[in-house]
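Going by Swiss-Prot, these are the annotated features:
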| type | residues | note |
| --- | --- | --- |
| REGION | 1-42 | region 'Disordered' |
| REGION | 13-201 | region 'Large ATPase domain (RuvB-L)' |
| COMPBIAS | 33-42 | compositional bias 'Basic and acidic residues' |
| BINDING | 40, 41, 82, 85, 86, 87, 191, 201, 238 | ATP binding site |
| BINDING | 86 | Mg(2+) binding site |
| REGION | 202-273 | region 'Small ATPAse domain (RuvB-S)' |
| REGION | 276-352 | region 'Head domain (RuvB-H)' |
| BINDING | 331, 336 | DNA binding site |
């Protein structure tokens, strides 16, 4: 399976970027290319750890499509960042024995960008579009007949001499990935034959992912060390692999021993200010501010953002979700409140 990547981008209405965080599930610049992951990505469904129900559904769909000699139905994968949507698209292409052409919606700014991709597709190839919810209206309208009728409608000429020309396309599979399925237009969403959500990973699967990645990186970790990384990675394989690389760095410089144990993992991740539950400095700053200056809340988002020197959209989209997921923070009509669990984690007494 070959990967063909298109990475040109454009500005778009996204939440402002937060400062670089080792526990941020969004890809760092060095992780942006699918081909640059130290070979940690699985290549086949049998190597893909976790997401059991998703794998079962897709394995049946792939086998059926290959039996018919036809392209796989179009697939929409959605869920939080870092759970393996891009990896799954590449795995599907590998299972089908075809190329995976990789791009993202911001790279498809002009009509000719999407037209160029579509006309160069070979039969049954996979076209992967990341952040598909950010497609322009023009790009979406070009995709409608391509997905449904395997046809590209092109307008030739201008004004009164303009004519529409239909160009036949080979059978292909569009795999779209998004963290915001609700932001897709209904006409686009309805053209996907398979719509599947990726879930956060459990501790057992994450430990298996760390063990596999350690083997590929030629690192020796104890079972307890793998478990320690798995506990701190926020249920996200991308973060697990990133934390493993940071542990590798510390081990190669300070470790001395060839076997990495839980104590060394704790030392390395404490250096990066990632605690036993996966909270980093940004998470703790928010909770500490609420507790120390406001008695645990409630406090409005704008007030918190001003006190922390952060953009409100960044706090809401980047920092708060994991705290809400852990049950350390609540959003109420009057503002943000630290929960009893959040107080206990930071060593504060619970309210009477």
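The backbone N, Cα and C atoms fix where each Cβ goes, glycine too.
Fair warning: this is a prediction, and the values are worked out from it, not measured in the lab.
Positions of Swiss-Prot features highlighted on the structure.
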residue: 40; record: ATP binding site; CB count, 10 Å: 18
residue: 82; record: ATP binding site; CB count, 10 Å: 27
residue: 86; record: ATP binding site; CB count, 10 Å: 24
residue: 191; record: ATP binding site; CB count, 10 Å: 19
residue: 238; record: ATP binding site; CB count, 10 Å: 23
residue: 331; record: DNA binding site; CB count, 10 Å: 13
residue: 336; record: DNA binding site; CB count, 10 Å: 26
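When averaged over the region 'Large ATPase domain (RuvB-L)' (13-201), pLDDT in the model lands at 86. Under DSSP, the residues of the region 'Small ATPAse domain (RuvB-S)' (202-273) split into helix, strand and coil as follows: 53 helix, 4 strand, 15 coil. The two recorded residues, residue 40 (ATP binding site) and residue 331 (DNA binding site), show a Cα separation of 37 Å. For the binding site of ATP, formed by 40, 41, 82, 85, 86, 87, 191, 201, 238 according to the record, the largest Cα to Cα distance is 32 Å, rounded to a whole number. Here residue 336 (DNA binding site) is compared against the binding-site residues 82, 86, 191, 238, and the shortest C-alpha distance is to 82.
In three-state terms derived from DSSP, residue 82 (ATP binding site) belongs to neither a helical nor a strand segment and is classed as coil.
On the backbone, the CA of residue 238 (ATP binding site) and the CA of residue 331 (DNA binding site) stand 27 Å apart. The two recorded residues residue 86 (ATP binding site) and residue 331 (DNA binding site) have their Cα atoms spaced 31 Å from each other. Cα spacing between residue 191 (ATP binding site) and residue 331 (DNA binding site): 35 Å, rounded to the nearest whole number.
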